[in-house]
Amino acid sequence: MADFQDVSYSVPVEGEIAQPQVPEEEDDDELSTLDEPVKDTFIRDMKVIGSKFAHIIYPRSNSLLLRDWDLWGPLVLCVILAVFLNGAKDETTGGQGPQFAEVFVVVWVGAGIVTLNAQLLGGKISFFQSVCVLGYCILPLVVAMIICWFLVKIFEQSIVFVVIRIILVAAAYGWSIFGPCLITHLQCMIPITVVTASVAFLGDSQPKGRKALAVFPICLFYFILAWMVVTYS
Amino acid sequence: MSFNRDEWGGFSSGDEQTTGPAMSHPTSTAIIDMSNVEDSSATSSFEDVGDVNHRMKDTNGSRRQEQQDPSGMMGGISGNLGKVVADQMWQSGQQQAKKMIDVYGNIDILRPYFDIDPKTLLWRCAYSFVPLKNLSTAQKIPSELYGPLMTVFTLIAILLMNMKTSGTVLQQGTLMGTAFGICFGYWFGVSGFMYFLAFLCNAYISIVQCLTLLGYGMISHCVILLFGHFTHYSHGTFYVLWALIAGASAARMITVLLSRTVGKSQRLLLCVAIASLHMLFLLYLHFAYHHVVEEIVHSLEMVDTPIEKHDSEDSMRAVRDATHLKINNSLEIKNNSLNSS
């Protein structure tokens, strides 16, 4: 203890002990969501989902769907599709159409299988990002489903009616697959290789030369969904 | 310099393991045993995380054992309960983490089987219809699962379309499940059976090669059923296609297996079993739904909707599509109205 010196100051301690203020502008958004009304949160989330729908219909940027992925949009689309298809009567056999659970399982398990395949092929995309994009790209088919539903309710069945429905669903299928990439091509001048489907978004995540392998199951997945929609009566 | 050596401990002469006076010296603690250093902090692979979890569990367990004695005397019930709950939570979390690690591990295991170029894939699809000519040397079978898997999924989609247009009367909720079950059941089941037979017959083939061989063989099923779906062929056409296309792919499978088998009776057993299963499966897929179509035609006739008297096969084809049915009905309605007027 002898080593310690008795330190005493006769002069009072002076100075600033306040820490420099860190600008907290970035945290404001995060903090403010804690005490905001539920309505605001809901509306904000709906706006985000809506902007993603807009990206499917009219793609402007490739990165939004991949960067801020969510599963709300796919869930909403899947539920709408399943509700409309649920229990539709098949007049050929008198049997019932696909059940809610069947459509639901087909959408999610199908998306899962397609994603797994993309991962096995060496795609550099996370599981939920891919499921998100695949789910959002059902949108054209859901729109076609709703239009078909109104057509079935309003008009009587005839051969012209069936042809119109087939054309409508084929267009929606094409939109799900080729639409986004074609428009992206026109706007961003991104060269289309084998590009696929919803694969204006997903195609680039695959190594070169493998795109066709990743695209085939996507086409098959949307084809089954389109088939379900077109056979609805 | 010898006194300096005593001060800083000197160079390690390999005798650290001995309990000499140098070990008791406080300066010897500067020697770091590298085997105890956790090197997983920098490289965070999943296996390392698993190891770390395991180690953490061990250390936690030892700590708990150390603390249990005082807590038994001093601590209350709430302390023990909390530990038990925490322990359960930890174990369940650890099990889930291990499952996730296993899934990722399995994906890595499967990845080599999906390593294929599109061109190679097309060649393999094309060669699945070309039988071998030279049976003396063992034919190499690729171990690849992408092509077979996509073939099975395509067959499921085609089967689904066939079921729908032929009006298969199932509980409709199981339509998709039935197609899935049939296709994957055949693929896995017959591949397993092929592996078992190959084991009995001393054929040199692995289970993945069985899956590949059979999967590429199913391309013929896809081609024939898809052709039938769009053209509504007659029985005669089907039999011709069945013999030619399915026969060719069966011959390919047989010749590949023959080239890898020794012994005549073994060859006969293996090839007859696999070829008959392959051909019969296509017959089943075709007639399982055709039979249903006949039933519908009969039921429609019973309901007193006299379809025009074509030969029976044409009428059955007509019923396959709902649109065709509508045409027939609307024509009849028009005829009736004309007659009445």
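From the backbone N, Cα and C atoms, a Cβ is placed for every residue, glycine too.
Those TrEMBL annotations? Automatic predictions, nothing curated.
The compositional bias 'Polar residues' feature in TrEMBL is assigned to B:14-27.
Per TrEMBL, compositional bias 'Basic and acidic residues' is recorded for B:51-67.
The region 'Disordered' annotation in TrEMBL covers B:1-27 (among others).
Annotated region 'Disordered' per TrEMBL: B:40-74 (among others), in sequence order.
Per TrEMBL, the feature transmembrane segment maps to B:145-163 (among others). If you look at the transmembrane segment (B:145-163), the same-chain residues 6 or more away from its ends with a CB under 8 A from one of its CBs are 110, 113-114, 116, 121, 124-125, 170, 175-176, 178-180, 182-184, 187, 208, 211-212, 214-216, 218-219, 221-222, 225-226, 228-229, 285, 289.
With a cut-off of 8 Å between Cβ atoms, the residues of this chain six or more beyond the transmembrane segment (B:175-197) that come close are 148, 152, 155-156, 159-160, 163-164, 168, 203, 205-207, 210-211, 213-215, 218, 269-270, 273-274, 277-278, 281, 285. For B:175-197 (among others), the entry in TrEMBL reads transmembrane segment.
Taken from TrEMBL, the feature transmembrane segment covers B:204-227 (among others).
According to TrEMBL, the transmembrane segment annotation covers B:239-259 (among others). Within its own chain, the transmembrane segment (B:239-259) is flanked in space by residues 127-132, 134-139, 141, 198, 203, 205, 213-214, 216-217, 219-221, 223-224, 227-228, 233, 267, 270-271, 274-275, 278-279, 282-283, 286, which lie at least six positions past its ends and keep a Cβ under 8 Å from the stretch.
Annotation source TrEMBL lists transmembrane segment at B:268-289 (among others). Away from its own ends, the transmembrane segment (B:268-289) comes close to residues 159, 162-163, 166, 168, 182, 186, 190, 193-194, 197-198, 200-201, 203, 214, 217, 220-221, 224-225, 228, 238, 242, 246-247, 249-251, 253-254, 257-258, 261 of its chain (Cβ-Cβ under 8 Å, at least six residues beyond either end).
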